[in-house]
Amino acid sequence: METVQLRNNPRRHLKKLSEESLNKQPEEVFDVLEKLGEGSYGSVYKASHKETSQIVAIKQIPVESDLQEIIKEIAIMQQCDSLHVVKYYGSYFKNTDLWIVMEFCGGGSISDIIRLRKQTLKEDETATILQSTLKGLEYLHFMRKIHRDIKAGNILLNSEGTAKLADFGVAGQLTDTMAKRNTVIGTPFWMAPEVIQEIGYNCVADIWSLGITAIEMAEGKPPYAEIHPMRAIFMIPSNPPPTFRKPELWSKDFVDFINLCLVKNPELRSSATELLQHPFIKTAKGESILRHLINEAQDAKLKRTELKQREVEPEEEENADEDEADVGTMVQAGSKDLNTMKEFSTMNEAADCTMVEKDKLNTQMGTMLINDEDEEETGTMKQCTEPVQPAKPSFLEYFEQKENQFGTPEKTTPAPSTDPSEWKIPLNGDYSFLKDWSVTELQLRLNSLDPMMEQEIEEIHHKYQAKRQPILEAIESKKRRQQNF
């Protein structure tokens, strides 16, 4: 109803907060209606602008958060005026919080829609979303801005089905004197190879991320999602470009579009303007085909809320978050027979860390910033330099107690060391000794492999940095010397 009223009376449509409104307390200007979730750096709320009744989104950020990054986000949003970029209306300081007032997108993020419907997107739906997203990227890149965190969680739909780019917490400005940036920033699984390798990158890094996002929309998760993010960071630059798990399910145009986005050499990668002319995008249907997605997601969210209110008993409340994290089975919608169930896969809700609705989920898919010389401490996802020893599962302790209680049978081979650091690769490559180990011992060793790998990766990273830093310092020293002359 509000949308119709605003359309019939365009003078009452909020474009920007007036100076008078900005000088008032935010509660005098807005009615906060409900919490929507968690965004980068703070909580996001749905609110109503009292003067126009327009619904807006308000991001509330604690002042102790990284103000430099927040100011950068505001500055980038202020400079943007595009139908396909979330609009900025103004900001307030309230007690210890900064309130950023932005355009409200009632459809939610694409990842929210996939999660709530428990179903991936069809090919024509993906094409329509990609078309709007490319228009937003074309605008940003024309303004010499890189988003640097393109993924389904950062593409929002309004109630009409228009896709808009959101969450500029890690976006960067490209200047003439800094044609390529050298900071590793973004979300690991969506990162372009040149971003990971720190060899300098420009706007087409967003195009790689868009290609990964297209796979995410079609299959429910990005490539490498099943493996540890730190391992993915090593695999993305060294492996061939990813593609669909089953390319035969998709049209040739869609597969070709993905291939053009995921070109490892950034100089050969297509731009947003070029991709808008691709047959897969040019034949995309209108935004109206996305409205049923929005309605189905909102219905699912409402049912989920009602079910939660009915079923959660007081003694179960502490386990409610764990129950919500199980989103069941997701149906993958193929392209050749849209009415046939093509494939089932389990979707992990942790894949979307941009906005977690109400329930706080632990995730390993967060936005990552590594080795930024100017913004060294600003990353959302920090690297842990100390190796974490795995907690021993309770079932292992149970079996060990039983073995101690009744005595362990004699073994033909020595008992394996419980210290992972002592586990060596056999020189002859013969692992036949493993057949004499108990299930408990094998499970313990298996559970310790990932922490061992992370520790080794961290050590390699430190060695690389130790070699790299003197070279950077020498280059900087020579530049200063040249300037003095």
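Note: Cβ is positioned from N, Cα and C throughout, glycine not excepted.
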Listed range which Swiss-Prot flags as coiled coil, given the options 260-286, 287-313, 341-367 | 287-313
Which three-state DSSP class does VAL44 (ATP binding site) fall into?
-> strand
Counting Cβ neighbours within 10 Å across all chains shown, tell me which of the recorded positions GLU38, ASP149 comes out on top.
-> ASP149
In this predicted model, the domain 'SARAH' (431-478) has a mean pLDDT of 77
Where DSSP helix means H, G or I and strand means E or B, what are the helix, strand and coil counts for the domain 'SARAH' (431-478)?
-> 45 helix, 0 strand, 3 coil
